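Per Swiss-Prot, the feature compositional bias 'Basic and acidic residues' maps to 69-82, 112-137, 145-155, 163-196, 224-253, 296-309. According to Swiss-Prot, the compositional bias 'Low complexity' annotation covers 254-266, 313-332. Per Swiss-Prot, region 'Disordered' is recorded for 29-349. What Swiss-Prot lists as region 'G3' is 500-503, and the listing cites similarity to another entry. If you look up Swiss-Prot, you'll see 554-557 marked as region 'G4'.
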Amino acid sequence: MSKKRLYEIAKEVGVESKVIVAKAQELGLSVKSHSSSVEEADANRITSSLKAGTAKDESKPAPKATPTPKEEKVEPKVDKASVAKSAPAKETSKAEVKEASVALKKPKSRNFKAEREARAKAEAERRKNGGGRDNRNRNQQGNDQGKRHNNDRRNQKGNGQGDHNKGNRDNSTNHDRNFQGKLRNDQNQNNRRDNARNNQAGPRIDLKARAAALKAEQNAEYSRQSETRFREEKAAEQRRAKEQEKARKEKQQAEVAVQKAAAETKPAPKPAPVAPQSAPTAQVQDTRRKKVRPNKSRDNHRVNEDGPKQTRNNKWNNQNQVRNQRNSNWNKNKNKKGKNNRGNSAPKLVTERKFHELPKEFEYTEGMTVAEIAKRIKREPAEIVKKLFMMGVMATQNQSLDGDTIELLMVDYGIEATKKEEVDNADIERFFVDEDYLNKDAMVERAPVVTIMGHVDHGKTTLLDTLRNSRVATGEAGGITQHIGAYQIEEGGKKITFLDTPGHAAFTSMRARGASVTDITVLIVAADDGVMPQTIEAINHSKAAGVPIIVAINKIDKPDANPERVIGELAEHGVISTAWGGDSEFVEISAKFGQNIEELLETILLVAEVEELKADPTVRAIGTVIEARLDKGKGAVATLLVQQGTLNVQDPIVVGNTFGRVRAMTNDLGRRIKTAGPSAPVSITGLNEAPMAGDHFAVYEDEKAARAAGEERAKRALMKQRQQTHRVSLDNLFDTLKAGEMKTVNVIIKADVQGSVEALAASLLKIDVEGVRVNVVHSAVGAINESDITLAEASDAVVIGFNVRPTPQARQQAETDEVEIRLHSIIYKVIEEIEDAMKGMLDPEFEEKIIGEAVIRETFKVSKVGTIGGFMVTNGKITRDSSARVIRDGVVIFDGKLASLKHYKDDVKEVGNAQEGGLTIENYNDIKVDDVIEAYIMEEIKR
């Protein structure tokens, strides 16, 4: 019998796959997911049980008719509660009336302001009860008074009141009536109309009178409190005076008692009350009285006196006298400070220092200075410095303290210290981590983001080409996708966002970036090639990102296609099909002929439904940069993937280390749009610089905050780059010395997009040629310009253009300066070319090659020549230009060059195997019988 998948049964019955899986498990079938297979009989059982369940539900009566009596019972409870609540409300209102009546009692002390406001209130009541006639007369009088022009401010105020029908003051003192006539008649007519309207509307609430009464009550209460306070202070002062007087009297009595006791205890022989002593005291008093200067009589001739005193009495009639008084030396010494002029300056009052209580809590930040802490806790910096010194910390008032020291200091003061959590406005990552940023009630279903991964030329771009009905693959050089493309298609009313990642080994970072923002990975494997290195790498990226994998076995139309082999190879790497009991879906397709494409899309939507992908479109947009480039007309263009929120045109945005405002926004079809929701890929313009691919972006509340955050991020990135200094240590000393001996190939990289720049620079730095390394002097996005040529000339570098061309001026300058420009469109050709250039820069490397061995049979000593060794070749051959080693008992005794080589008496170039001959060695004569002569040459190694 044939088998059926559960999702096929769900499609036939018209229910969700989850319901079918639950029903199958309820019937005792061993199924795991919607893609599990069951027999035809089991499928019929599932459908019949579902139909029976729906029939039972229809046969049951509607259970929603019963709750009505419950609602009727609830109503009287609500009424009782409201009645119960109304009773205390009435009681409280009575209590409020009593309190108000107590508060309205006339104060004991007379408050003129309160009386005046009470009179205003009574006047307002009388005017309200009097009707329109008196009011009209008063308005008439106010108009007459209001139109009189006088310089008095009170008349100006009355004029304003008359214009607004509020002239209620008696301006009877004004008798000027210049402005009368038509204007006054019109105003009177308006007043009559207003009075008639007031009479029709009935009595109005006079808010001014009510405010005046309330103010009067407040003033009365304040005056009553002031009077009570004054009386209490006066009584306290009297008590203090009485206590002081009592203490003074007690002190005097105590002194008198002490004197009496002293007089009683002492005997009489003491000298008498000493008249001679009293006499000198009287003389001293007389002399002092004589020294007091007598009162001088007023000088009658002072009028004729000349000098500053005379001018002071005359109050200085002219300006010259004032200037002379200021510049004269008459009173110059009066303002001097010194021993003789102490009485001239009044004593300064010493203000007592106020005592401030310590706070109970102290919120600190890392790096606070001593002065800041002293200001916060209301203490002197010297006191804190002293405490720190006692704790063993030497600090000044301008020195910053770390968090631990601040906490210890606060413990010494008995204050609870807490570290202030500062929100970093420049931190974009907090939007992706903070769960409170999203509103869970506003979550909606979003489109899945699908990344297509696989090895080079396995059909990724062809699959996207088939999905979008476009010819993307024809534009790629060598059939290789150079940078990420983001596209969105619609299937069955639902949207799917696709990311196309490059498959070449150089684009590892770009594949990892694609896996980090994706929801589902479609791993495309060619049925004829099988699993390749980049296929394994894509599997690892997907597993690291924790996203489900759907395997698309492509090129099944080829005759040598073997899908079963692909399934087995993937199982070895942990990707197991659901048919084998795994979690990964396998779909056999042919991207070229469009075979089973619909089935692949349905599988993607099913997996997305199981994943329950949701987003909040109400918040400010956040997401990731897919790609960035520089356009000649538009400037920096960035391809963004919105992950949460909604991105709008004119939004202030921070992207990586740059910022700007969304000037224009286009979708994947090149059409201009104004908004982009979650999972939508868009290209925007308006940034200051081209960001890095993989950077996060976030929309801020205003442009000022976005500018501050962008500038702060750029500054931090620059500081981080400056701090990356490589210092020499014992561990890397040898590597540093070795790097100094290495030769370098300087290159300047210019590419069309940022992702290609990163991939190309990383690939060139990874080229492993011993003795030579690549130094990337500069890398950027855009065309090759004159500044690049100037930099290449200064640094002796090669300019590499990837999918870009030099400007005419740059080309002409390169020819003049003899700077080499290499233009490429396929990355592995660039790598091969640079690798060959690096190999050509190396010094020739030689390898030792042993060509023969000989054994010394006899030695001959010649006085002028030295020791001649007669030998026999045992292996290989001995040549005249070869080097020779003398080996004795397995140990190398000497290594040098042959001086001569003879066969019998003839000089020869070489002696072959099993032949005899004679030789001499340069600068060595200690040749002995049975020594082994090893001949070798140095050959150059090709790299």
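Indices start at 1 and increase along the chain as displayed.
Cβ atoms are placed via backbone N, Cα and C, with glycine included.
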- prompt: So how many of the residues in the compositional bias 'Low complexity' (254-266) end up helix, strand or coil by DSSP?
  reply: 12 helix, 0 strand, 1 coil
The region 'G4' (554-557) - residue tally per DSSP class, helix then strand then coil: 0 helix, 1 strand, 3 coil
Message: I'd like to know the mean pLDDT over the region 'G4' (554-557).
response: 86
For the compositional bias 'Basic and acidic residues' (224-253), residues assigned helix / strand / coil by DSSP: 30 helix, 0 strand, 0 coil
